[in-house]
């Protein structure tokens, strides 16, 4: 395993023989072609021209980064348990894709699953027809091929995953890093951390869990705890319930806590840690024992450096932090928030033995970084929104009915939000439910507006707590048809999604 992930794959390449394995499929909640308003021929041509013009305006370096992905069934070793699951080329996580601002990424995908699939490039402000989500991009049928081709305009930590049904709760995910040729930070090493919650091949399948969650006859206790299996505890950071599912395992870079991966560095080195939460239903509180962390980026964009001891990271969020390595062996612990379990990896800079796999460092309970603590760097500010242009994003639903909605409708009957190119609306998040929801907008980032009206962090995914209202400014600069949804995979499939459609 390469220890310094400056290029290539930063993860173990554990390969095992294939075995035909596909669980029961759930139809994609994002196949909107049948229910979406069909544009006229002139309207479609105008949108295509607008998408092409936006692509031409992006920076272009003249370089091309190529990759090949093969989503397929595989047998994977999680560090003891060997599971049948779905992966990109027999590894969890999949291979790192790395580019520099302005590069063109060309990824050829061959679908060896028994169901349609896609690859969504999470957080990248790419051209709409390469987003990897219906209706903008058609799914790839079983046995089919597709080539994604797009330029990358912004540096940052991103990731890729499917956008079909519950495929996001298998092993189909990989990191994407876009380097900044003018990177102002100085560091000696880079450590990519991908968090995950895991049931596939060990516990009930994602499809079985979804069936339990949507069963109108499920036990009353499940309606209040949100946990079909195991015991959960309330989370103060999340405003209550920590999630819907108690998973058998929680992973860092594809490994269970007793078989944690180890990152080797030298005492005194500055390490940039890129943290990605790929989990389907779990937010994590993450800390590195014996170290403080300086948060430098949220969802790829720079913030005023802020020192914390731990971080709350919701599903699909990314944080970049800097640490100065001490001497010894230190666990990096990701507490599954509200679920009384953890994932871990090890930082090894010298002699020593790691503590017990269930060890929880004190730092988890000290200064915990949450989104409202961070402010975008001047270079990342989006400015003020238009004073009279609000876009409502009202989150609704209950655990009892599992009827998650945005603006009162499930995705199948959604009324899309509308913007015109160049507008600067305010996203008005309003969570009327008793659960937290990490809300993600495709193809864009937005800038949070703090409670006092001051500018906050740039985000493409933000946790909206129960009964919380939040605001963010959006710059409409990427024409197309874009999905906005809860990044709890189960809420998303149940209907908590809408669209942001550009009007020409």
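Note that Cβ sites are derived from N, Cα and C of the backbone, with glycine treated the same way.
The Cu cation 4 site in Swiss-Prot is built from 486, 491 plus one of 389, 418, 437, 440, namely 437.
From the candidate list 60, 291, 485, the residue Swiss-Prot records in the Cu cation 3 site shared with 163, 442 is 485. The binding-site residues in question are 122, 437, 442, and the one with the fewest Cβ neighbours inside 10 Å is 122. The two recorded residues, residue 161 (Cu cation 2 binding site) and residue 120 (Cu cation 1 binding site), show a Cα separation of 5 Å. For residue 486 (Cu cation 4 binding site), other Cβ atoms within 10 Å of its Cβ number 30. For the recorded Cu cation 4 site, residues 437, 486, 491 set the reference point as the centre of their Cβ atoms, and the other residues of that chain within 8 Å of it by Cβ are 395, 404, 435, 438, 439, 485, 487, 488, 492, 496. Note: the CA-CA distance between residue 437 (Cu cation 4 binding site) and residue 120 (Cu cation 1 binding site) rounds to 20 Å.
Candidates 120, 122, 163, 442, 485 (binding-site residues) were compared with residue 491 (Cu cation 4 binding site); those inside 10 Å Cα-Cα are 485.
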